[in-house]
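Colleague: As annotated in TrEMBL:
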TRANSMEM  A:20-40  transmembrane segment
TRANSMEM  A:46-71  transmembrane segment
TRANSMEM  A:83-102  transmembrane segment
TRANSMEM  A:108-133  transmembrane segment
TRANSMEM  A:145-167  transmembrane segment
TRANSMEM  A:194-213  transmembrane segment
TRANSMEM  A:241-264  transmembrane segment
TRANSMEM  A:276-304  transmembrane segment
TRANSMEM  A:316-334  transmembrane segment
Amino acid sequence: MTSSPDHLPTMARSSLSDRLAPYGPILILVLLVVFGFLAIPSMSSWLTLTVSGLAMGMMIFIMASGLTLVFGLMDVINFGHGAFVSVGAFVGVSFLLLLQHMTGAPSLLLNLTALLVAIIGAMLATGIMGWAFERVIVKPVYGAHLKQILVTMGGLIVVEQLIIVLWGPEEIYITRPEALKGAITFAGAALEKYRLVAVGIGLVIFLLMRWILRHTKIGLIVRAGVENGEMVEALGYRLRLVFVGVFMAGSALAGLGGVLWGLYQEVITAHMGNEVMILIFIVVIIGGLGSVEGCFIGALLVGLLQNYVAFLEPKVALISNIGLMVAILMWRPMGMIPVVKAK
Amino acid sequence: MADPILTLSGVKTNIAQYHILQGVDLDVPRGQVTMLLGRNGVGKTTTLRSVIGLWRAHEGTILFDGEDITRRPTPAIARMGIGFVPEDMGIFSDLTVEENMTLAAVSGPVDSARLDWLFSVFPPLKTFWKGYAGTLSGGQKQMLCIARAMIEERKLYLIDEPTKGLAPAIISTMARALRELKAQGASILLVEQNFAVARALGDGAAVMDDGRIIWAGAMRELATDKDLQERLMGLSLEAS
Ligand SMILES: Nc1ncnc2c1ncn2[C@@H]1O[C@H](COP(=O)(O)OP(=O)(O)OP(=O)(O)O)[C@@H](O)[C@H]1O
Ligand SMILES: [Mg+2]
């Protein structure tokens with residue numbers, strides 16, 4: 001009577017490149033930071049640029065993370081994702097303007113409370129809006145990519161116009177809460193306080209998402225669903241419901257990103273979401289469609305590269321991210337952390 | 001045995017514009033292993049997928065445990081107590097073996113006694129418990145896939161070619177697992193091309209051709225009648 005092999009297989013020594021492959025994306029990130037360090041003459045400028053690159057990357061990650069999961073789960077291409085960024089910014093900024101007595105007070109606690117209220121308000125608004133957007137705009141075009149692109153772009157235009165109706169056509173200028181203005185000096189470098197806060201929030205969001213995806217059942221369902229949705233349903237999970245939840249969460253995160261981005265630029269417009277979409281798409285594509293980790297590293301790469309290049313060679317800044325995307329896709333055509341897809 | 005656990009009557013399923021199932025009538029009795037046999041491409045996989053709702057039957061009815069499930073969504077059908085092992089295994093390779101199993105236990109945490117039993121049947125699952133399912137060998141993936149369906153007690157198991165492409169040693173592991181499952185009184189609808197396995201496990205058999213069931217009866221009868229095999233499947237099966 002034979003049984004299955006119960007021996008422990010000895011692993012053949014894999015080549016160095018094979019063993020390094022999973023760390024490739026992180027290695028690139030480290031290399032980029034080192035490159036910046038070598039290329040930028042002064043240590044303090046490098047530090048300043050690195051922090052602002054990380055801050056920008058974190059904000060892009062927050063805005064992009066939902067989009068990558070939405071694509072991974074249901075193969076839905078949402079060109080209207082930027083709408084949530086804009087709406088989030090307008091709702092959040094409206095709260096901040098309402099709470100001016102708190103944002104203007106020289107108290108970190110009051111400032112942060114106001115910011116938190118603005119963020120929660122923006123996320124609630126965009127989360128609910130995500131639910132409506134999914135039902136009305138995305139659901140009727142499941143499985144049809146061309147229609148998705150057209151319809152979601154249409155949705156974006158409608159939302160932009162609604163913003164103009166509600167808040168007027170003018171851009172709105174906003175100042176950061178009192179305690180987040182200015183910079184701290186560290187090792188001779190001026191580090192804007194707000195950027196440090198953005199880095200912190202981004203990191204928390206990333207770690208939280210990672211934890212949910214790895215350690216909760218809903219996270220398992222999402223990861224499994226990205227790979228093989230049919231099998232997830234055959235096990236007994238309603239993938240559609242999970243998808244709606246992910247869509248709403250992704251929209252709410254885009255809204256959060258909008259608030260942060262608005263405060264970063266210190267001005268908001270109805271088109272700001274659409275303008276940042278190009279960066280978001282680059283990040284989602286180079287990260288690997290459906291991969292949150294890839295999205296995170298991709299966003300940091302984009303943020304850092306943009307800041308380094310803008311300092312070193314301002315003329316090239318605009319195309320540097322496109323160049324990055326081309327280079328990464330030549331290396332890994334499915335993105336840095338390619339997601340296995342059934343069939 | 002009273003009423004069958006699963007009854008298909010006049011089930012017709014189209015895939016795109018093709019009429020694949022052309023009126024399938026099939027009974028799966030409770031507590032028995034029913035073999036679904038037939039040449040390649042006759043619609044065995046399509047039949048299983050129609051039951052679980054991954055393809056939609058556009059005509060006919062599918063009764064499971066006395067309820068009409070023809071129009072129910074897949075997750076609802078699965079939750080009624082069906083374990084499904086698809087032909088392509090449907091392993092989540094980006095998840096660990098542990099995570100694959102956790103996910104398969106839909107109604108709560110993994111039952112540790114049942115898990116120990118599965119470990120005893122499929123030792124590699126224990127060895128690679130924390131490893132990514134994508135790194136398993138083909139045979140180990142197949143074990144994982146079957147163990148996933150068996151992690152909770154189900155009223156019916158739909159299993160599509162569990163021994164496809166496996167070495168004889170692993171085939172006997174699979175056969176043993178299915179035998180133990182059968183001994184627990186499970187109802188199983190099993191597609192199996194390996195006739196030795198089919199003969200050893202099957203109580204009943206149904207033979208398909210061209211999207212229909214062309215013969216149904218006792219496995220014993222089919223196993224011993226070479227003329228019948230010849231007529232039904234165009235070949236005589238090794239009945240050594
Ligand atoms: N996605 C699909 N699109 C079009 N035709 C399909 C599709 N899936 C299956 N078919 C066709 O349906 C028919 C039945 O396929 P099915 O997979 O049910 O056969 P099977 O009996 O399981 O065969 P095998 O023994 O090779 O697994 C085949 O002719 C096949 O070509
Ligand atoms: Mg088949």
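Note that the numbers count up from 1, one per residue, in the order the chain is shown.
Placed from the backbone N, Cα and C atoms, the Cβ positions cover glycine too.
Any TrEMBL annotation is an automated prediction that lacks curation.
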Colleague: Who are the chain neighbours of the transmembrane segment (A:83-102) in space, where the CB to CB distance is under 8 Å and they lie at least 6 residues beyond its ends?
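Modeller: Distant contacts of the transmembrane segment (A:83-102): 63, 110-111, 113-115, 117-119, 121-123, 125-126, 129-130, 133, 155-156, 159-160, 163, 166-167, 172, 174, 177, 251-252, 254-259, 261-263, 268-274, 276-277.
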Colleague: Per the 3+ Cβ pairs under 8 Å rule, pairs at least 6 apart in sequence, do the transmembrane segment (A:46-71) and the transmembrane segment (A:241-264) touch?
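Modeller: Stretch pair touches.
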Colleague: Select the range from A:20-40, A:241-264, A:276-304, A:316-334 that forms the most Cβ-Cβ pairs under 8 Å with the transmembrane segment (A:194-213).
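Modeller: Stretch with maximum Cβ contacts: A:241-264.
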Colleague: Mind checking which residues reach the transmembrane segment (A:316-334)? Cβ under 8 Å, same chain, six or more beyond either end.
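Modeller: Distant Cβ neighbours of the transmembrane segment (A:316-334) are 24, 279, 282, 285-286, 288-289, 298, 301-302, 305-306, 309-310.
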